[in-house]
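Features of the protein shown, as given by TrEMBL:
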{"type": "REGION", "residues": "128-226", "note": "region 'Disordered'"}
{"type": "COMPBIAS", "residues": "133-157", "note": "compositional bias 'Polar residues'"}
{"type": "COMPBIAS", "residues": "158-174", "note": "compositional bias 'Low complexity'"}
{"type": "COMPBIAS", "residues": "190-200", "note": "compositional bias 'Polar residues'"}
{"type": "DOMAIN", "residues": "242-300", "note": "domain 'Chromo'"}
{"type": "DOMAIN", "residues": "498-624", "note": "domain 'SET'"}
{"type": "DOMAIN", "residues": "635-651", "note": "domain 'Post-SET'"}
Amino acid sequence: MSTTEAQIGVNTNLQKQDLDNLDLENLTPLSPEVISRQATINIGTIGHVAHGKSTVVKAISGVQTVRFKNELERNITIKLERLSEKKLRALMSSPKLLRDFETKLDEKRRNSLPVVQEQRALRVCNHKHRSVSVDTQLTSTSARSSSLGETQSTRGNSTSPSSGYESHSESAPSLYYDQKRSSRTPRSHVFTNAINTIKDSPTVGKKRNKPESDNNLAEPEGEETPITKRKKLKRFKGNEEYIVECIESIESVNGNPIFFVKWFGYPTETNTWESLINVCECALFEPFIESRYTLHEYIISKITTEIELEIAEKGLCFDMTNLQIDKLDKYDPLVLKADLILLAQFRACRSRNQREPEKIRKRILDMMLMKPVYYRRKQQQMELQSFQKRMNQVESTAPISIENFVDLEVIDPTFKYIKDSFAGINVKIQEDPPIGCKCENDCAPLTSCCARMADSYFAYDKNGRLRIRPGEAIYECNNKCLCDEKCVNRVIQRGRNNNLCIFRTSNGCGWGVRTEKPLRKGEYVCEYVGEIITSEEANDRGQTYDAIGRTYLFDLDYNTSGESVYTIDAALYGNISHFINHSCNPNLAVFPFWINNLDINMPRLAFFSLRPIKAGEELTFDYVRTDYENLSAAEKVSCRCGAENCRKVLF
């Protein structure tokens with residue numbers, strides 16, 4: 001039912017009539033007042049005609065007049081049927097025959113209402129439909145399967161097809177589309193009633209490879225709908241599947257696109273109108289939109305040029321302060337093209353309808369403003385996925401994911417993900433331990449293990465969880481020990497085994513880390529790694545980091561007998577610990593540990609949970625410097641952790 005085709009055959013040579021001067025006695029079906037089965041009547045002259053009260057016009061036309069509001073000086077067109085001159089004279093001469101004739105017309109009109117046709121169609125379609133196998137049909141139809149067992153209606157206010165027919169009154173009754181169509185071709189279907197409901201029917205089998213589109217016709221909550229294979233919607237009821245053969249046309253209902261669908265293996269009488277949400281993932285949706293876009297390309301180019309000029313002249317741009325990533329992710333370029341096609345159809349037929357084209361145009365303007373932001377989002381997602389892939393290649397013991405549903409920021413491209421710390425300038429890391437334990441059986445708190453030799457406590461219980469307090473050191477078994485890799489005193493060496501996620505925080509704290517599964521108290525989380533530099537080098541770098549309000553310098557100052565000799569800098573090189581935020585009420589604590597390098601001035605740093613941590617909870621530790629109270633106001637950095645006991649100062 002394309003826009004131009006719907007206008008073919010309509011006689012535009014209509015005559016405005018003054019019924020005060022109309023000679024009814026000499027009026028015949030072939031009179032000039034009756035032209036091509038249509039007549040134009042001035043409502044301001046005889047307003048009662050618009051309410052179906054003129055027996056003369058009804059006798060001439062043979063149909064019930066359309067019920068419009070009585071608006072002065074507004075023209076309407078009434079569809080007329082030819083009656084023989086003999087029957088006309090008989091009706092004019094007998095009031096009883098005229099009343100009987102009107103009664104028959106009223107009965108005929110009531111039986112032709114779409115709601116009645118809908119009920120009949122439902123009775124016909126109520127029998128068990130035959131099943132169509134997706135495996136045998138997808139190769140020949142390039143379509144997608146879905147269920148026909150569930151039905152649902154999506155209600156609107158009125159129907160105004162973009163083929164140029166005027167919208168009906170807002171007070172018109174809500175009706176359903178016919179699901180059982182007539183035998184005429186779908187393109188010749190004419191909108192004849194105010195339709196406030198679109199019947200949702202089964203959609204297609206093969207899914208289009210695209211992001212989720214913006215659904216212009218929302219589905220009512222709590223109702224099942226037999227629509228396409230979308231993650232959030234129910235798809236099947238039973239084992240029956242139906243396949244789209246082709247999409248015939250696109251029209252507008254209350255400014256939203258609908259599509260006329262032909263089902264594979266079923267006659268054209270069963271064609272149905274489908275909302276955008278039902279066909280946007282169909283494999284045939286994209287080629288249909290592209291073909292119609294090409295058909296109306298000349299008008300569409302004018303529309304886009306017009307809107308682009310408006311954007312440039314008014315200085316319009318997308319409001320990034322109200323950025324909604326979920327809405328941005330639903331953006332679909334094909335939906336924009338569908339709206340452009342609808343607006344082009346309205347303009348091609350010179351429709352007098354202004355409300356729906358303006359609604360579509362506003363939606364096009366919003367999507368054109370969103371378009372460059374959408375492509376920035378796609379680029380962001382590609383970069384984040386690439387970084388995620390590199391992380392999991394470096395550290396494959398447990399997966400790490402990354403997501404940003406807050407803004408369009410990406411990971412600093414200069415940051416390099418590493419697994420182990422490395423020595424900087426003038427730094428040497430020893431890898432050959434001078435001594436190891438000789439436990440004959442399993443290492444335990446009562447054996448002469450590495451911790452006992454270091455005059456410290458055995459760090460772990462039999463389940464591998466910490467049994468020491470924050471601030472105490474961990475001495476794990478090393479390469480010189482007789483125990484194997486399954487030793488209970490080799491927890492950190494076995495690596496991280498918890499799934500973590502790097503995410504963008506919504507409170508202005510940048511990137512953060514959360515756990516994807518619950519963590520028990522005393523469980524190992526990760527190690528703080530980076531470049532090991534001297535304290536002198538750290539002082540120079542610290543001035544630069546303080547100027548930007550960020551620091552990734554971690555002093556290795558466990559040896560309390562003197563100043564720290566080394567510092568770990570994780571600004572440019574690091575692992576997932578680089579993204580862990582500060583909190584004045586943290587759920588992680590830092591523990592120094594030694595394995596192969598037993599240099600007392602160069603401990604390694606490990607994060608362990610201080611308490612049970614729920615899945616989805618952000619991981620934090622305390623950044624604060626011990627001398628933060630002595631810092632000047634200019635040196636202090638404000639804290640935004642939001643904890644009840646927040647000190648308001650980060651460092």
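The backbone N, Cα and C atoms fix where each Cβ goes, glycine too.
Counting residues 6+ beyond its ends, the domain 'Post-SET' (635-651) has Cβ neighbours under 8 Å at 507-509, 546, 549, 551, 581-585, 620, 623-625, 628 in the same chain.
When DSSP labels each residue, the domain 'SET' (498-624) comes out as 17 helix, 49 strand, 61 coil, counted as helix, strand and coil in that order. When the domain 'Post-SET' (635-651) is classified with DSSP, helix, strand and coil residues number 0 helix, 2 strand, 15 coil. If you take every residue in the domain 'Chromo' (242-300) and average the pLDDT, you get 94.
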